[in-house]
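Remarks on the structure that follows.
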Amino acid sequence: MFKGLSKWLFGSTEYQILLIGNDASGKTTLLYRLKFGETVTTIPTIGFNVETVEYPRGWKWTFWDIGAGCNKIRHLLRHYITPNTLVIFLHDCDDPFRQEFPDWMGVFLDDMIKREGKYLWILFNKQDTLPPDDDGEFIGNVRKMYEDEMSRYRKDICYKILDHKLSAKTGEGLNELLVELHNTMSTSELNSRRQLKSVSNPNVHQDALSREQLKSLIEKEGREDTIDAQAFWISFLEADLSAWDHRSHLKAGYIIAVESAGKGESIFTTADTFIAHLKRLKEMQPDKFRNTEHRTMTIFWLVQLQLAIWNYKLDKQLDQFPSRDDFQEVLLHTPSLRDTKLWSIYYTKDRLFSREAREVWTAPDLQPFPVLQPSPAPDASAPGTQEDPERLLRFGFAVTQHIMASDLRRGQVIKEALASLQATTIRLRAKDARIPPYSETQAYFWIQIAHAALRALENGDNPSESMMEKASPVLPPAQLSFSNFTLLFDITPETWKKYYSGKVWESIAARREFVPPDLKPLPNLIGVSSEAYEKGVM
């Protein structure tokens, strides 16, 4: 249930991180140690490397490792900056001739401010090479140097200096880095900014109760609620409830959500069930049940209930979903459910109470819903080199999105990206022969597929104009997450089979250079899938 449309419903925890530093500072080593959990022999990066690093409960960070071997590339760093990009600067503790603030950093920081970038972390790599007796003093001096230099940018850039022991080569300190990334992006200003200014939104009620106040209110109402779940449900079916208040709405929705969770039903099917009950209640007791149908509001509260149910199950380490009788305990576990204006954190009034939102599902316009994905088993989260079937699709998406977000020449970016992918694939195959060999045809195919889809979004083109007229606005292509991308378009790792025979796709010639498809031409545009419209994604 939480693997399809929910990825789009709940937004995304995918973030972009830009790795910078002097040449040979260990950026590529750090990237592939994070990705695969082992040291990979590297060569000086020409262009860039890009990889997605996953973290438990659905967190993903796309790292861009930009080559720093010449001034020309450094001047292009600004094109990789967005307001939500986290920049990580890697200082090389093993280079005795470059223990000062890099000259080019001042220009980069000025460019960063111009492009509204705000987030910079400074890490000290290769600490394993320092003499044990002097490492503390050395790191202290380097930290002070960076603090002095960065103090000039304090008003414009939120910077953090992480001086824990770090070695990309040995892997020491990388777990601390991942934990710091997760904690910061979960709770800090970086996440708050990304979530579209919900704090400054005038619709957010300023008199919201605290978590403890909400729990006290839930406990009080729980003592007054003497009807068990079965009796409540019978009264609900017979339209014979003594009250139809917020708690009653939640209780009915909870029972429906628990049953739907057990069946693996989608949020839209669950909403259809609840809305059918609401219509029935209004027909049976029109004076008592006056609520008009509001599809978006219904889905909003069902999403919150399903999240609460899953969180309760995971945190309590239950083998099954909570029962109907666990309603009070689930409420206490997620007391925000009692906040009648919880919607105002996610929606403006104009959007939520629009005619469109009443009739069809409408996505939040202030911030995405919280993300929920169960933590993988320990062995599943361990890094390894098994091939990801979506790897080349992710590659094509990242490259295309970068081209559209920057003013760099498409041909040059693709050329550098293919060279980088080829070098990376060779290094990976040296470690694990199960990794498929590099194929220029396959790599370019996925770039072209991603480009055809994102270009359709950018131009507003779609084969079904009548559907488009009813569509809600989607994110600009440059802001679309990969999970959103795969939900909007009927594109899977098997899409190549529509264009290529297996013989051509796997051929030696296709590895050396691009070979045109033998089944049908590559598309110029790919429209949003009909399923996305039917499910209300658009």
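Note that Cβ sites are derived from N, Cα and C of the backbone, with glycine treated the same way.
Straight from TrEMBL, the features:
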type    : residues                                                                                      : note
BINDING : GLY21, ASN22, ASP23, ALA24, SER25, GLY26, LYS27, THR28, GLY69, ASN125, LYS126, GLN127, ASP128 : GTP binding site
BINDING : THR28, THR45                                                                                  : Mg(2+) binding site
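Cα of GLY21 (GTP binding site) to Cα of THR28 (Mg(2+) binding site): a span of 11 Å. The secondary structure of ASP23 (GTP binding site), as reduced to three states from DSSP, is coil rather than helix or strand.
Fewest Cβ neighbours within 10 Å among the binding-site residues GLY21, ASP23, SER25, LYS27: this applies to ASP23. DSSP classifies LYS126 (GTP binding site) as coil under the three-state reduction.
DSSP gives THR28 (Mg(2+) binding site) a helix state.
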